[in-house]
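**Student:** Features from Swiss-Prot:
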ACT_SITE  Lys167  active site, proton acceptor
ACT_SITE  His286  active site, proton acceptor
BINDING   Asn115, Thr165, Lys169, Arg287, His319, Ser371  substrate binding site
BINDING   Lys193, Asp195, Glu196  Mg(2+) binding site
MOD_RES   Lys193  N6-carboxylysine
SITE      Lys326  site 'Transition state stabilizer'
Amino acid sequence: MSKKYDAGVKEYRDTYWTPDYVPLDTDLLACFKCTGQEGVPKEEVAAAVAAESSTGTWSTVWSELLTDLDFYKGRCYRIEDVPGDKEAFYAFIAYPLDLFEEGSITNVLTSLVGNVFGFKALRHLRLEDIRFPIAFIKCCAGPPNGIAVERDRMNKYGRPLLGCTIKPKLGLSGKNYGRVVYECLRGGLDFTKDDENINSQPFQRWQNRFEFVAEAIKLAEQETGERKGHYLNVTANTPEEMYERAEFAKELNQPIIMHDFITGGFTANTGLSKWCRANGMLLHIHRAMHAVIDRHPKHGIHFRVLAKCLRLSGGDQLHTGTVVGKLEGDRQTTLGYIDQLRESFVPEDRSRGNFFDQDWGSMPGVFAVASGGIHVWHMPALVAIFGDDSVLQFGGGTHGHPWGSAAGAAANRVALEACVKARNAGREIEKESRDILMEAGKHSPELAIALETWKEIKFEFDTVDKLDVQ
């Protein structure tokens, strides 16, 4: 007997609230933090999110009979209270994998964080976490190189990498920009970096910057005997211009380029990552605009989701905040999404904000980049928090040295090596940080001056987006 079509409107929970459902290994799972309008039951709010992010619409439609709606629909299978919040709750939703184009992060986000975020029944909605099934991960190319390959390319092992953003980030001519790059690299840094908003402005066209940077790197490598690099930002107004800049960096024999993945978009980022893999280029990723999306504790997308999506889309390095610097991010939350960038399997751990087990299979890892308001006094904590597979970037903490950028770079290099040596000797570098740094400063006038210069600089503000734990 054929199905009967009943026109009209019915409650979402009649179809999309399925508390008896057991998620499949192939399902894509999502955790949303929901705050509904007053008087709307939690089950109806959660079911509405499942419906509007999958197969649902506001009215029953006859064309539902032309497909197997029960197979394709998203299902809210669990609701949990948010600790310490009387209004919000977690909705756990399972989506069949066939709802998404293979390997397309753009398509996944269009469904999960599309029109549903403007739904009137919701006051706030936040995507807290996604469990990508291994079947989907295998369709994504991921990082173009990964941690091990990058270390081999740069010939750097056994410690975090050191970098800095060129300052002032806007206004320098190409030649003066190259001079600052040279000073930093000869002083001891591994990388220097374009800031996120340096593209091709009237004061410095991109070709000019690329050429002077390439010359600076060549001189610094000859002087130090080390492999050096600079993150050349190829983010552009069109994909064609982006690839033109990437090709020119390759012609100059540069090891690494950079992309602003949120403002540039996931489609552009995935394409650029594939280009980097095919052309032997490392890819540094900046997260400009992320806080607009992830900082509000009740609305938006948590950064752990953006970090997971970036690993799938492709990038070899990603900014993650610092814990100790000027940018938002507490220690446990930051460690949670650093794990998602680097590990092959990350277990559910609410104390770090991870709502699901996440199996990454054999996908390469991504370097976590600590950048934003850090200086030499932060070095012991940074080494302890981020470990070796990280890039520690000191912008003002390099250029602000009273003796200039080369001295600032030297101070950071000495501090880093002192902390790594102390850690390897079994010392508790966070507890013994002052002794370790002061001892190293006795043999490095650059470090001694840096320690004196920044001894009073702290960024002691409470975190806005805190973990929801009891």
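Residue numbering: from 1, along the chain as shown.
Cβ coordinates are placed from backbone N, Cα and C, and glycine is handled just like the others.
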**Student:** Can you grab the distance from Lys169 (substrate binding site) over to Asp195 (Mg(2+) binding site)? Cα atoms, rounded to a whole Å.
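**Tutor:** About 6 Å separates the two Cα atoms.
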**Student:** Within a 10 Å radius around the Cβ, which one of these recorded positions has the most neighbouring Cβ atoms: Lys169, His286?
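**Tutor:** That would be His286, with the most Cβ atoms nearby.
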**Student:** Across all chains shown, how many C-beta atoms besides its own are within 10 angstroms of the C-beta of Thr165 (substrate binding site)?
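**Tutor:** Counting Cβ neighbours of Thr165 (substrate binding site) within 10 Å gives 23.
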**Student:** Glu196 (Mg(2+) binding site): which of the recorded positions Asn115, His286, Arg287, Ser371 have a C-alpha within 10 angstroms of it?
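**Tutor:** Checking each Cα against Glu196 (Mg(2+) binding site), the hits are His286, Arg287.
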**Student:** If you count the C-beta atoms lying within 10 Å of each candidate's C-beta, which of the recorded positions Lys167, Lys193, Arg287, His319 ends up with the smallest number?
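**Tutor:** Result for the recorded positions Lys167, Lys193, Arg287, His319: minimum number of other Cβ atoms within 10 Å at Lys167.
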**Student:** If you measure Asp195 (Mg(2+) binding site) to His286 (active site, proton acceptor) at Cα, how many Å is it?
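**Tutor:** Just about 8 Å between their Cα atoms.
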**Student:** Quick check for you: of the binding-site residues Asn115, Thr165, Arg287, His319, Ser371, which have their Cα within 10 Å of the Cα of Lys193 (Mg(2+) binding site)?
**Tutor:** Thr165
**Student:** In the structure shown, with every protein chain counted, which of the binding-site residues Asn115, Ser371 has the densest set of Cβ atoms within 10 angstroms of its Cβ?
**Tutor:** Ser371
**Student:** Would you mind checking how many other C-beta atoms are within 10 angstroms of the C-beta on Glu196 (Mg(2+) binding site)?
**Tutor:** 20
**Student:** Which chain neighbours of the Mg(2+) site, leaving out Lys193, Asp195, Glu196, have a Cβ atom within 8 Å of the mean position of the site's Cβ atoms?
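**Tutor:** Those within range, site residues removed, are Thr165, Ile166, Lys169, Asp194, Asn197, Ile198, Tyr231, Asn233, Met258, His286.
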